[in-house]
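Only one structure is covered here, and it is reproduced in the block below.
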Amino acid sequence: MYDYAFVHLKFTIPLAVLLTAIAYPVLNRIHVIQTGCLIFIAFTAALPWDAYLIEQKVWSYPPEAIVGPRLLGIPFEELFFFVIQTYITALVYILFNKPVLHALHLNNQRNPPAWMRIAKVTGQLILVALSVWGWKAAQVNQKTTYLGLILVWACPFLLAIWTLAGRFILSLPWFVTVLPVVLPTFYLWAVDELALHRGTWSIGSGTKLEYCLFGKLDIEEATFFLVTNMLIVSGMAVFDQYLAVIYAFPTLFPKVNRYPTPLMLVQSRLVNTTKYDLERIEGLREAVERLRLKSRSFYLANSLFSGRLRIDLILLYSFCRLADDLVDDAKSRLEVLSWTAKLNHFLDQHYGDSDATEDPKQKAERIDAYIKEAFPPFAYQALHLLPTHILPPKPLYELIKGFEMDSQFTFHGSSDSTNLKFPIAHDKDLKTYAIRVAGTVGELCIALIIHHCLPDMSDSQKRRLESAACRMGIALQYVNIARDILVDAQIGRVYLPTSWLKEEGLTHKAVLDNPEGPEVIEKMRRRLLDNAFELYREARPEMQQIPSEARGPMIGAVENYMEIGRVLREKKVGQVFVRKEGRATVPKQRRLRTLLRALYEQ
(Lines of atoms letter the chains of each structure in order from A and count residues from 1; the text may use other names and numbers.)
(Lines give C-alpha, C1' and ligand atoms only; values in the text may rest on other atoms or scores of the structure.)
Protein backbone atom coordinates (compact mmCIF):
# COMPACT_ATOMS: atom_id res chain seq x y z
CA MET A 1 0.00 0.00 0.00
CA TYR A 2 1.34 3.41 -1.02
CA ASP A 3 4.66 1.85 -2.02
CA TYR A 4 5.70 4.82 -4.15
CA ALA A 5 5.32 7.23 -1.21
CA PHE A 6 7.37 4.88 0.94
CA VAL A 7 10.12 4.87 -1.71
CA HIS A 8 10.49 8.59 -1.05
CA LEU A 9 10.19 8.24 2.70
CA LYS A 10 12.82 5.48 2.84
CA PHE A 11 15.28 6.43 0.11
CA THR A 12 15.05 9.85 -1.55
CA ILE A 13 13.98 12.13 1.32
CA PRO A 14 16.52 10.78 3.87
CA LEU A 15 19.31 11.21 1.32
CA ALA A 16 18.15 14.74 0.52
CA VAL A 17 18.07 15.59 4.24
CA LEU A 18 21.54 14.12 4.77
CA LEU A 19 23.02 16.03 1.82
CA THR A 20 21.34 19.22 3.01
CA ALA A 21 22.88 18.81 6.45
CA ILE A 22 26.31 18.21 4.94
CA ALA A 23 26.08 21.06 2.45
CA TYR A 24 24.31 23.55 4.70
CA PRO A 25 27.45 25.38 5.94
CA VAL A 26 28.65 26.08 2.40
CA LEU A 27 25.32 26.86 0.77
CA ASN A 28 24.59 30.47 -0.15
CA ARG A 29 21.73 32.26 -1.82
CA ILE A 30 23.28 31.81 -5.26
CA HIS A 31 23.20 28.03 -4.75
CA VAL A 32 19.55 28.22 -3.69
CA ILE A 33 18.60 30.30 -6.74
CA GLN A 34 20.68 28.08 -9.03
CA THR A 35 19.09 24.88 -7.72
CA GLY A 36 15.60 26.38 -7.67
CA CYS A 37 15.85 27.48 -11.29
CA LEU A 38 17.05 24.05 -12.33
CA ILE A 39 14.22 22.33 -10.45
CA PHE A 40 11.71 24.58 -12.21
CA ILE A 41 13.25 23.85 -15.63
CA ALA A 42 13.42 20.11 -14.95
CA PHE A 43 9.83 20.00 -13.72
CA THR A 44 8.35 21.93 -16.64
CA ALA A 45 10.43 20.01 -19.20
CA ALA A 46 9.56 16.58 -17.80
CA LEU A 47 5.87 17.23 -17.19
CA PRO A 48 4.51 16.88 -20.78
CA TRP A 49 7.00 14.12 -21.59
CA ASP A 50 6.03 12.06 -18.57
CA ALA A 51 2.33 12.62 -19.25
CA TYR A 52 2.82 11.29 -22.78
CA LEU A 53 4.60 8.17 -21.48
CA ILE A 54 1.73 7.39 -19.14
CA GLU A 55 -0.86 8.06 -21.84
CA GLN A 56 0.94 5.65 -24.19
CA LYS A 57 1.11 2.98 -21.45
CA VAL A 58 4.91 3.08 -21.37
CA TRP A 59 4.76 3.70 -17.63
CA SER A 60 2.03 2.46 -15.33
CA TYR A 61 1.41 2.41 -11.59
CA PRO A 62 -0.77 -0.05 -9.67
CA PRO A 63 -3.59 1.90 -7.95
CA GLU A 64 -2.59 0.53 -4.55
CA ALA A 65 1.02 1.77 -4.98
CA ILE A 66 0.15 5.47 -5.14
CA VAL A 67 -1.73 7.83 -2.84
CA GLY A 68 -4.09 8.89 -5.62
CA PRO A 69 -3.82 12.57 -6.70
CA ARG A 70 -2.53 13.14 -10.24
CA LEU A 71 -1.60 16.03 -12.52
CA LEU A 72 -2.01 15.36 -16.27
CA GLY A 73 -2.26 11.71 -15.30
CA ILE A 74 1.05 11.80 -13.42
CA PRO A 75 0.95 10.65 -9.77
CA PHE A 76 2.09 13.23 -7.26
CA GLU A 77 4.83 10.83 -6.15
CA GLU A 78 6.26 10.92 -9.67
CA LEU A 79 6.05 14.72 -9.78
CA PHE A 80 7.94 14.80 -6.49
CA PHE A 81 10.61 12.57 -8.04
CA PHE A 82 11.33 15.31 -10.63
CA VAL A 83 12.02 17.70 -7.77
CA ILE A 84 13.89 15.43 -5.37
CA GLN A 85 16.20 13.92 -7.98
CA THR A 86 17.19 17.35 -9.26
CA TYR A 87 17.74 18.57 -5.71
CA ILE A 88 19.89 15.59 -4.72
CA THR A 89 22.10 15.72 -7.81
CA ALA A 90 22.45 19.51 -7.58
CA LEU A 91 23.64 19.23 -3.96
CA VAL A 92 26.21 16.59 -4.89
CA TYR A 93 27.44 18.88 -7.67
CA ILE A 94 27.69 21.84 -5.27
CA LEU A 95 29.68 19.83 -2.73
CA PHE A 96 32.19 18.64 -5.30
CA ASN A 97 32.52 22.05 -6.94
CA LYS A 98 32.84 24.23 -3.82
CA PRO A 99 36.67 23.99 -3.72
CA VAL A 100 36.92 24.79 -7.45
CA LEU A 101 37.51 28.38 -8.53
CA HIS A 102 35.59 28.31 -11.80
CA ALA A 103 37.18 31.52 -13.09
CA LEU A 104 40.44 29.61 -13.60
CA HIS A 105 38.75 27.49 -16.26
CA LEU A 106 37.64 30.31 -18.55
CA ASN A 107 40.89 30.53 -20.50
CA ASN A 108 39.88 27.67 -22.79
CA GLN A 109 36.83 29.59 -23.98
CA ARG A 110 38.94 31.63 -26.38
CA ASN A 111 41.90 29.44 -27.27
CA PRO A 112 40.94 25.83 -26.54
CA PRO A 113 43.46 23.08 -27.26
CA ALA A 114 42.83 20.95 -30.34
CA TRP A 115 41.59 17.96 -28.32
CA MET A 116 38.94 20.12 -26.66
CA ARG A 117 37.63 21.45 -29.97
CA ILE A 118 37.48 17.90 -31.33
CA ALA A 119 35.74 16.62 -28.18
CA LYS A 120 33.11 19.35 -28.32
CA VAL A 121 32.30 18.76 -32.00
CA THR A 122 32.31 14.99 -31.48
CA GLY A 123 29.88 15.36 -28.59
CA GLN A 124 27.59 17.53 -30.69
CA LEU A 125 27.58 14.99 -33.53
CA ILE A 126 26.85 12.12 -31.15
CA LEU A 127 23.95 14.00 -29.55
CA VAL A 128 22.51 14.92 -32.95
CA ALA A 129 22.74 11.28 -34.04
CA LEU A 130 21.09 10.05 -30.83
CA SER A 131 18.31 12.63 -31.21
CA VAL A 132 17.59 11.49 -34.79
CA TRP A 133 17.72 7.82 -33.82
CA GLY A 134 15.49 8.51 -30.83
CA TRP A 135 12.92 10.20 -33.07
CA LYS A 136 12.78 7.18 -35.33
CA ALA A 137 12.81 4.70 -32.46
CA ALA A 138 10.07 6.42 -30.48
CA GLN A 139 7.25 4.88 -32.46
CA VAL A 140 4.32 3.56 -30.48
CA ASN A 141 4.14 -0.13 -29.58
CA GLN A 142 7.61 -1.25 -30.52
CA LYS A 143 10.51 -2.44 -28.40
CA THR A 144 12.51 0.76 -28.87
CA THR A 145 9.64 3.09 -27.92
CA TYR A 146 10.73 3.89 -24.36
CA LEU A 147 14.44 4.22 -25.17
CA GLY A 148 13.62 6.36 -28.19
CA LEU A 149 11.38 8.66 -26.13
CA ILE A 150 14.16 9.11 -23.57
CA LEU A 151 16.71 10.05 -26.22
CA VAL A 152 14.47 12.29 -28.31
CA TRP A 153 13.51 14.18 -25.16
CA ALA A 154 16.89 14.45 -23.39
CA CYS A 155 19.45 14.68 -26.20
CA PRO A 156 18.25 18.00 -27.69
CA PHE A 157 18.56 19.58 -24.22
CA LEU A 158 22.00 18.05 -23.78
CA LEU A 159 22.98 19.29 -27.24
CA ALA A 160 21.97 22.85 -26.35
CA ILE A 161 23.87 22.74 -23.05
CA TRP A 162 26.93 21.14 -24.64
CA THR A 163 26.96 23.84 -27.32
CA LEU A 164 26.79 26.56 -24.66
CA ALA A 165 29.22 25.14 -22.11
CA GLY A 166 31.00 22.13 -23.59
CA ARG A 167 34.47 23.66 -23.42
CA PHE A 168 33.92 24.87 -19.88
CA ILE A 169 32.73 21.44 -18.75
CA LEU A 170 35.74 19.80 -20.39
CA SER A 171 38.02 22.31 -18.65
CA LEU A 172 36.83 21.37 -15.18
CA PRO A 173 38.53 18.59 -13.19
CA TRP A 174 36.84 15.36 -14.20
CA PHE A 175 35.74 14.44 -10.68
CA VAL A 176 33.60 17.59 -10.24
CA THR A 177 31.44 16.69 -13.23
CA VAL A 178 31.68 12.90 -13.54
CA LEU A 179 31.17 11.96 -9.89
CA PRO A 180 28.08 14.18 -9.39
CA VAL A 181 26.55 12.24 -12.30
CA VAL A 182 27.76 8.77 -11.38
CA LEU A 183 27.09 8.72 -7.63
CA PRO A 184 23.39 9.77 -7.72
CA THR A 185 22.88 7.56 -10.77
CA PHE A 186 24.17 4.45 -9.00
CA TYR A 187 22.02 5.24 -5.97
CA LEU A 188 18.87 5.78 -8.03
CA TRP A 189 19.59 2.62 -10.01
CA ALA A 190 19.54 0.69 -6.74
CA VAL A 191 16.31 2.41 -5.65
CA ASP A 192 14.69 1.74 -9.03
CA GLU A 193 15.71 -1.91 -8.90
CA LEU A 194 13.97 -2.28 -5.53
CA ALA A 195 10.86 -0.45 -6.78
CA LEU A 196 10.61 -2.52 -9.96
CA HIS A 197 11.10 -5.70 -7.95
CA ARG A 198 8.21 -4.71 -5.65
CA GLY A 199 6.00 -3.65 -8.56
CA THR A 200 5.81 0.00 -7.42
CA TRP A 201 5.82 0.96 -11.09
CA SER A 202 6.30 -0.96 -14.30
CA ILE A 203 7.24 -0.48 -17.95
CA GLY A 204 4.72 -1.60 -20.51
CA SER A 205 5.59 -4.80 -22.33
CA GLY A 206 6.32 -4.29 -26.00
CA THR A 207 7.80 -0.81 -25.38
CA LYS A 208 11.18 -1.93 -24.04
CA LEU A 209 14.10 -4.01 -25.23
CA GLU A 210 13.71 -6.57 -22.41
CA TYR A 211 17.39 -6.19 -21.44
CA CYS A 212 18.29 -5.54 -17.81
CA LEU A 213 21.44 -3.90 -16.52
CA PHE A 214 21.14 -6.02 -13.39
CA GLY A 215 18.24 -7.68 -11.57
CA LYS A 216 15.01 -6.13 -12.81
CA LEU A 217 16.57 -2.79 -13.77
CA ASP A 218 15.69 -2.35 -17.43
CA ILE A 219 18.32 -0.75 -19.64
CA GLU A 220 15.84 2.02 -20.44
CA GLU A 221 15.43 2.93 -16.76
CA ALA A 222 19.20 2.91 -16.29
CA THR A 223 19.55 5.20 -19.31
CA PHE A 224 16.86 7.53 -17.99
CA PHE A 225 18.59 8.15 -14.67
CA LEU A 226 21.97 8.54 -16.34
CA VAL A 227 20.87 11.13 -18.91
CA THR A 228 18.71 13.08 -16.46
CA ASN A 229 21.61 13.38 -14.04
CA MET A 230 23.81 14.47 -16.94
CA LEU A 231 21.23 17.16 -17.70
CA ILE A 232 21.22 18.36 -14.10
CA VAL A 233 25.00 18.49 -13.73
CA SER A 234 25.60 20.14 -17.10
CA GLY A 235 22.81 22.61 -16.32
CA MET A 236 24.53 23.57 -13.07
CA ALA A 237 27.79 23.97 -14.99
CA VAL A 238 26.16 26.44 -17.40
CA PHE A 239 25.18 28.62 -14.45
CA ASP A 240 28.68 28.38 -13.02
CA GLN A 241 30.30 29.32 -16.31
CA TYR A 242 28.35 32.56 -16.62
CA LEU A 243 28.77 33.38 -12.94
CA ALA A 244 32.52 32.88 -13.38
CA VAL A 245 32.55 35.41 -16.24
CA ILE A 246 30.73 37.96 -14.06
CA TYR A 247 33.07 37.47 -11.10
CA ALA A 248 36.35 37.16 -12.99
CA PHE A 249 36.27 40.29 -15.14
CA PRO A 250 35.61 43.58 -13.32
CA THR A 251 36.29 45.51 -16.53
CA LEU A 252 33.28 43.78 -18.13
CA PHE A 253 31.11 43.87 -14.99
CA PRO A 254 32.38 46.77 -12.85
CA LYS A 255 29.61 46.54 -10.28
CA VAL A 256 28.27 43.20 -9.10
CA ASN A 257 25.44 43.10 -6.60
CA ARG A 258 25.51 40.61 -3.76
CA TYR A 259 23.59 38.30 -6.08
CA PRO A 260 23.94 38.71 -9.87
CA THR A 261 20.67 39.30 -11.67
CA PRO A 262 19.28 37.12 -14.50
CA LEU A 263 20.04 39.99 -16.87
CA MET A 264 23.72 39.84 -15.89
CA LEU A 265 23.77 36.11 -16.62
CA VAL A 266 22.37 36.79 -20.09
CA GLN A 267 24.92 39.57 -20.61
CA SER A 268 27.77 37.27 -19.57
CA ARG A 269 26.58 34.75 -22.16
CA LEU A 270 26.62 37.41 -24.86
CA VAL A 271 30.12 38.70 -24.05
CA ASN A 272 32.52 37.90 -26.87
CA THR A 273 35.32 35.69 -25.59
CA THR A 274 37.87 37.99 -27.26
CA LYS A 275 37.06 40.45 -24.46
CA TYR A 276 38.11 37.97 -21.76
CA ASP A 277 41.21 39.20 -19.92
CA LEU A 278 43.21 35.99 -20.06
CA GLU A 279 46.22 37.69 -18.46
CA ARG A 280 44.09 38.29 -15.39
CA ILE A 281 43.10 34.61 -15.33
CA GLU A 282 46.76 33.62 -15.49
CA GLY A 283 47.57 36.03 -12.66
CA LEU A 284 44.75 34.58 -10.61
CA ARG A 285 46.12 31.10 -11.25
CA GLU A 286 49.52 32.22 -9.91
CA ALA A 287 47.85 33.70 -6.84
CA VAL A 288 45.94 30.48 -6.10
CA GLU A 289 49.12 28.44 -6.41
CA ARG A 290 50.95 30.84 -4.08
CA LEU A 291 48.15 30.45 -1.54
CA ARG A 292 48.17 26.66 -1.87
CA LEU A 293 51.90 26.41 -1.30
CA LYS A 294 52.25 28.96 1.48
CA SER A 295 49.18 28.59 3.70
CA ARG A 296 47.25 25.36 3.94
CA SER A 297 44.87 26.75 6.57
CA PHE A 298 43.81 29.76 4.52
CA TYR A 299 43.81 27.77 1.28
CA LEU A 300 41.22 25.45 2.81
CA ALA A 301 39.16 28.30 4.24
CA ASN A 302 39.28 30.39 1.06
CA SER A 303 37.36 27.74 -0.87
CA LEU A 304 34.36 28.52 1.33
CA PHE A 305 34.11 32.11 0.15
CA SER A 306 32.16 32.88 -3.00
CA GLY A 307 32.03 35.24 -5.92
CA ARG A 308 34.30 38.21 -6.44
CA LEU A 309 35.05 38.38 -2.72
CA ARG A 310 36.84 35.04 -2.96
CA ILE A 311 38.90 36.27 -5.90
CA ASP A 312 39.85 39.56 -4.23
CA LEU A 313 40.87 37.78 -1.01
CA ILE A 314 43.15 35.52 -3.05
CA LEU A 315 44.68 38.55 -4.79
CA LEU A 316 45.21 40.31 -1.45
CA TYR A 317 46.95 37.26 0.00
CA SER A 318 49.10 36.98 -3.11
CA PHE A 319 50.32 40.56 -2.71
CA CYS A 320 51.05 40.12 1.01
CA ARG A 321 52.94 36.90 0.42
CA LEU A 322 54.90 38.33 -2.49
CA ALA A 323 55.96 41.37 -0.46
CA ASP A 324 56.96 39.11 2.44
CA ASP A 325 58.97 36.86 0.12
CA LEU A 326 60.80 39.80 -1.44
CA VAL A 327 61.97 40.78 2.05
CA ASP A 328 62.76 37.27 3.28
CA ASP A 329 64.70 36.32 0.15
CA ALA A 330 66.85 39.45 0.19
CA LYS A 331 70.59 38.91 0.60
CA SER A 332 71.33 42.07 2.56
CA ARG A 333 69.60 44.64 4.69
CA LEU A 334 70.23 47.18 1.96
CA GLU A 335 68.31 44.99 -0.48
CA VAL A 336 65.42 44.71 1.98
CA LEU A 337 65.25 48.48 2.33
CA SER A 338 65.32 48.75 -1.45
CA TRP A 339 62.31 46.42 -1.76
CA THR A 340 60.33 48.20 0.93
CA ALA A 341 61.04 51.55 -0.73
CA LYS A 342 59.83 50.18 -4.06
CA LEU A 343 56.70 48.74 -2.46
CA ASN A 344 55.96 52.08 -0.81
CA HIS A 345 56.42 53.85 -4.12
CA PHE A 346 54.09 51.33 -5.76
CA LEU A 347 51.42 52.25 -3.20
CA ASP A 348 52.15 55.94 -3.75
CA GLN A 349 51.38 55.42 -7.42
CA HIS A 350 47.89 54.27 -6.44
CA TYR A 351 47.11 56.37 -3.40
CA GLY A 352 49.38 59.40 -3.60
CA ASP A 353 48.35 62.82 -4.84
CA SER A 354 48.00 62.72 -8.60
CA ASP A 355 46.66 64.87 -11.35
CA ALA A 356 42.88 64.76 -11.07
CA THR A 357 42.61 65.16 -14.82
CA GLU A 358 44.76 62.10 -15.53
CA ASP A 359 42.90 59.52 -17.57
CA PRO A 360 42.37 56.28 -15.55
CA LYS A 361 43.75 54.25 -18.43
CA GLN A 362 46.90 56.38 -18.53
CA LYS A 363 47.28 56.02 -14.76
CA ALA A 364 47.00 52.23 -15.04
CA GLU A 365 49.60 52.21 -17.82
CA ARG A 366 51.94 54.38 -15.73
CA ILE A 367 51.64 52.04 -12.74
CA ASP A 368 52.17 48.98 -14.94
CA ALA A 369 55.29 50.55 -16.40
CA TYR A 370 56.66 51.13 -12.91
CA ILE A 371 55.94 47.54 -11.84
CA LYS A 372 57.78 46.17 -14.87
CA GLU A 373 60.69 48.52 -14.30
CA ALA A 374 61.12 48.09 -10.54
CA PHE A 375 60.14 44.48 -9.87
CA PRO A 376 61.08 41.06 -11.27
CA PRO A 377 58.68 39.47 -13.80
CA PHE A 378 57.28 36.96 -11.29
CA ALA A 379 56.01 39.85 -9.15
CA TYR A 380 54.02 41.55 -11.89
CA GLN A 381 50.66 39.81 -11.53
CA ALA A 382 50.52 40.02 -7.74
CA LEU A 383 51.09 43.78 -7.90
CA HIS A 384 49.04 44.44 -11.02
CA LEU A 385 45.93 42.63 -9.76
CA LEU A 386 45.86 44.01 -6.21
CA PRO A 387 42.35 45.55 -5.81
CA THR A 388 43.60 48.93 -4.58
CA HIS A 389 40.32 50.59 -5.60
CA ILE A 390 38.68 48.74 -2.70
CA LEU A 391 41.47 48.51 -0.12
CA PRO A 392 42.24 51.39 2.27
CA PRO A 393 45.84 52.66 2.00
CA LYS A 394 46.86 52.91 5.67
CA PRO A 395 46.96 49.15 6.46
CA LEU A 396 49.00 48.52 3.30
CA TYR A 397 51.61 51.10 4.27
CA GLU A 398 51.70 49.70 7.81
CA LEU A 399 52.25 46.23 6.36
CA ILE A 400 55.37 47.48 4.59
CA LYS A 401 56.59 48.95 7.89
CA GLY A 402 56.26 45.48 9.37
CA PHE A 403 58.59 44.16 6.69
CA GLU A 404 60.98 46.99 7.53
CA MET A 405 61.06 45.71 11.11
CA ASP A 406 62.00 42.29 9.75
CA SER A 407 64.93 43.89 7.95
CA GLN A 408 66.47 44.87 11.28
CA PHE A 409 67.24 41.24 12.10
CA THR A 410 70.60 39.71 11.27
CA PHE A 411 70.43 37.91 7.96
CA HIS A 412 70.95 34.18 7.77
CA GLY A 413 74.58 33.42 7.09
CA SER A 414 75.98 36.64 8.57
CA SER A 415 79.13 36.02 10.56
CA ASP A 416 79.25 39.48 12.15
CA SER A 417 77.74 38.74 15.55
CA THR A 418 78.61 42.21 16.85
CA ASN A 419 75.93 43.74 14.65
CA LEU A 420 73.09 41.62 15.97
CA LYS A 421 69.97 43.69 16.39
CA PHE A 422 66.64 42.44 17.64
CA PRO A 423 63.86 44.99 17.20
CA ILE A 424 61.37 43.29 19.55
CA ALA A 425 62.62 44.79 22.80
CA HIS A 426 59.41 45.09 24.82
CA ASP A 427 55.79 43.97 24.78
CA LYS A 428 54.78 47.12 22.91
CA ASP A 429 57.28 46.32 20.13
CA LEU A 430 55.84 42.83 19.82
CA LYS A 431 52.34 44.27 19.57
CA THR A 432 53.43 46.90 17.04
CA TYR A 433 55.05 44.24 14.88
CA ALA A 434 51.97 41.98 15.06
CA ILE A 435 49.67 44.88 14.18
CA ARG A 436 51.78 45.74 11.16
CA VAL A 437 52.18 42.27 9.67
CA ALA A 438 48.87 40.66 10.70
CA GLY A 439 46.44 43.16 12.20
CA THR A 440 46.61 45.10 8.96
CA VAL A 441 45.71 41.99 6.97
CA GLY A 442 42.64 41.51 9.14
CA GLU A 443 41.55 45.09 8.44
CA LEU A 444 42.11 44.63 4.71
CA CYS A 445 40.04 41.44 4.67
CA ILE A 446 37.20 43.21 6.46
CA ALA A 447 37.38 46.06 3.92
CA LEU A 448 36.87 43.55 1.09
CA ILE A 449 34.05 41.78 2.91
CA ILE A 450 32.17 45.00 3.60
CA HIS A 451 32.62 46.19 0.01
CA HIS A 452 31.29 42.99 -1.52
CA CYS A 453 28.69 41.96 1.07
CA LEU A 454 27.35 45.01 2.88
CA PRO A 455 28.63 48.31 1.40
CA ASP A 456 26.02 50.35 3.28
CA MET A 457 27.20 49.16 6.71
CA SER A 458 27.21 51.95 9.29
CA ASP A 459 30.52 53.65 10.10
CA SER A 460 30.34 52.64 13.76
CA GLN A 461 29.84 48.99 12.85
CA LYS A 462 32.71 49.19 10.37
CA ARG A 463 35.02 50.54 13.06
CA ARG A 464 34.05 47.78 15.48
CA LEU A 465 34.68 45.11 12.88
CA GLU A 466 37.99 46.64 11.80
CA SER A 467 39.13 46.78 15.43
CA ALA A 468 38.11 43.17 16.04
CA ALA A 469 39.84 42.04 12.84
CA CYS A 470 43.02 43.84 13.86
CA ARG A 471 43.02 42.24 17.33
CA MET A 472 42.33 38.83 15.82
CA GLY A 473 45.21 39.35 13.40
CA ILE A 474 47.50 40.08 16.36
CA ALA A 475 46.32 36.89 18.05
CA LEU A 476 47.06 34.83 14.94
CA GLN A 477 50.52 36.38 14.65
CA TYR A 478 51.28 35.52 18.27
CA VAL A 479 50.33 31.91 17.51
CA ASN A 480 52.55 32.05 14.44
CA ILE A 481 55.51 33.30 16.48
CA ALA A 482 54.91 30.70 19.20
CA ARG A 483 54.87 27.97 16.57
CA ASP A 484 57.97 29.12 14.70
CA ILE A 485 60.52 29.78 17.45
CA LEU A 486 62.79 27.08 16.02
CA VAL A 487 62.27 28.07 12.38
CA ASP A 488 62.90 31.75 13.12
CA ALA A 489 66.04 30.94 15.10
CA GLN A 490 67.44 29.06 12.12
CA ILE A 491 67.40 32.32 10.12
CA GLY A 492 68.74 34.43 12.99
CA ARG A 493 65.47 35.84 14.28
CA VAL A 494 64.03 35.96 17.78
CA TYR A 495 60.58 37.49 18.07
CA LEU A 496 60.33 36.90 21.81
CA PRO A 497 60.70 40.32 23.50
CA THR A 498 64.14 41.07 24.92
CA SER A 499 62.51 42.04 28.22
CA TRP A 500 61.04 38.53 28.52
CA LEU A 501 64.44 36.97 27.93
CA LYS A 502 66.04 39.14 30.61
CA GLU A 503 63.36 38.15 33.11
CA GLU A 504 64.38 34.51 32.57
CA GLY A 505 68.12 35.17 32.46
CA LEU A 506 68.42 34.34 28.75
CA THR A 507 70.15 36.03 25.85
CA HIS A 508 69.25 36.10 22.17
CA LYS A 509 72.30 33.95 21.48
CA ALA A 510 71.03 31.30 23.88
CA VAL A 511 67.75 31.14 21.99
CA LEU A 512 69.50 31.00 18.62
CA ASP A 513 71.81 28.23 19.80
CA ASN A 514 69.12 26.08 21.42
CA PRO A 515 65.63 27.34 20.50
CA GLU A 516 63.80 24.21 21.66
CA GLY A 517 65.98 23.34 24.64
CA PRO A 518 65.51 25.32 27.86
CA GLU A 519 62.22 24.95 29.72
CA VAL A 520 62.04 28.73 30.04
CA ILE A 521 61.57 29.01 26.26
CA GLU A 522 58.55 26.75 26.55
CA LYS A 523 57.35 28.99 29.38
CA MET A 524 57.60 32.04 27.10
CA ARG A 525 55.81 30.14 24.34
CA ARG A 526 52.93 29.54 26.74
CA ARG A 527 52.97 33.21 27.73
CA LEU A 528 52.73 34.20 24.08
CA LEU A 529 49.86 31.79 23.55
CA ASP A 530 48.07 33.13 26.64
CA ASN A 531 48.25 36.62 25.14
CA ALA A 532 46.98 35.27 21.83
CA PHE A 533 43.95 33.57 23.36
CA GLU A 534 43.12 36.60 25.48
CA LEU A 535 42.94 38.72 22.31
CA TYR A 536 41.03 35.94 20.57
CA ARG A 537 38.39 35.88 23.32
CA GLU A 538 38.00 39.66 23.09
CA ALA A 539 37.63 39.80 19.31
CA ARG A 540 35.72 36.60 18.64
CA PRO A 541 32.22 37.85 19.66
CA GLU A 542 32.59 40.94 17.45
CA MET A 543 33.21 38.72 14.45
CA GLN A 544 29.59 37.61 14.63
CA GLN A 545 28.78 40.99 13.04
CA ILE A 546 30.52 39.98 9.80
CA PRO A 547 27.94 39.71 6.95
CA SER A 548 26.48 36.23 6.77
CA GLU A 549 27.99 35.35 3.37
CA ALA A 550 31.52 35.72 4.75
CA ARG A 551 31.06 35.05 8.47
CA GLY A 552 31.38 31.26 8.38
CA PRO A 553 34.44 31.10 6.11
CA MET A 554 36.17 33.95 7.99
CA ILE A 555 35.60 32.43 11.41
CA GLY A 556 36.54 29.03 9.99
CA ALA A 557 39.88 30.43 8.82
CA VAL A 558 40.52 31.96 12.24
CA GLU A 559 39.57 28.80 14.14
CA ASN A 560 41.75 26.69 11.88
CA TYR A 561 44.77 28.83 12.70
CA MET A 562 43.98 29.11 16.42
CA GLU A 563 43.84 25.32 16.47
CA ILE A 564 47.62 25.41 16.01
CA GLY A 565 47.78 27.32 19.29
CA ARG A 566 45.52 24.79 20.98
CA VAL A 567 47.62 21.81 19.98
CA LEU A 568 50.79 23.64 21.01
CA ARG A 569 49.22 24.07 24.43
CA GLU A 570 48.12 20.44 24.61
CA LYS A 571 51.40 18.91 23.47
CA LYS A 572 49.63 15.57 23.02
CA VAL A 573 51.37 12.82 21.10
CA GLY A 574 49.98 12.67 17.59
CA GLN A 575 48.25 16.02 17.91
CA VAL A 576 51.14 18.27 16.89
CA PHE A 577 52.78 17.12 13.71
CA VAL A 578 56.21 18.69 13.18
CA ARG A 579 57.38 18.99 9.61
CA LYS A 580 61.00 18.73 8.52
CA GLU A 581 61.64 22.46 8.72
CA GLY A 582 60.61 22.41 12.38
CA ARG A 583 57.23 24.06 11.97
CA ALA A 584 54.35 22.52 13.90
CA THR A 585 51.08 22.04 12.11
CA VAL A 586 47.73 20.38 12.75
CA PRO A 587 46.81 16.98 11.27
CA LYS A 588 44.52 17.31 8.27
CA GLN A 589 41.58 15.51 9.88
CA ARG A 590 41.67 17.79 12.90
CA ARG A 591 41.87 20.89 10.66
CA LEU A 592 38.83 19.68 8.77
CA ARG A 593 36.88 18.97 11.98
CA THR A 594 37.75 22.42 13.30
CA LEU A 595 36.61 24.09 10.11
CA LEU A 596 33.34 22.16 9.98
CA ARG A 597 32.61 22.87 13.63
CA ALA A 598 33.11 26.59 13.06
CA LEU A 599 30.85 26.53 10.00
CA TYR A 600 28.03 24.63 11.68
CA GLU A 601 28.12 26.94 14.68
CA GLN A 602 27.27 29.84 12.38
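From the backbone N, Cα and C atoms, a Cβ is placed for every residue, glycine too.
Swiss-Prot annotations:
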REGION    1-241  region 'Lycopene beta-cyclase'
TRANSMEM  6-26  transmembrane segment
TRANSMEM  30-50  transmembrane segment
TRANSMEM  76-96  transmembrane segment
TRANSMEM  118-138  transmembrane segment
TRANSMEM  146-166  transmembrane segment
TRANSMEM  168-188  transmembrane segment
TRANSMEM  230-250  transmembrane segment
REGION    248-602  region 'Phytoene synthase'
Could you tell me what the rest of the chain brings near the transmembrane segment (30-50), counting residues at least six beyond its ends with Cβ under 8 Å?
59, 71-72, 74, 78-79, 82-83, 85-87, 90-91, 94, 149, 153, 157, 228, 231-232, 235-236, 239, 243, 259-260, 306-307
Remote residues contacting the transmembrane segment (146-166) - C-beta distance under 8 A, at least 6 residues beyond either end:
45, 49, 52-53, 58, 119-120, 123-124, 127-128, 130-131, 133-139, 203-204, 207-209, 219-220, 223-224, 227-228, 230-231, 234-235, 237-238, 241, 269
Taking only the residues in the region 'Phytoene synthase' (248-602), give me the average pLDDT of this model.
86
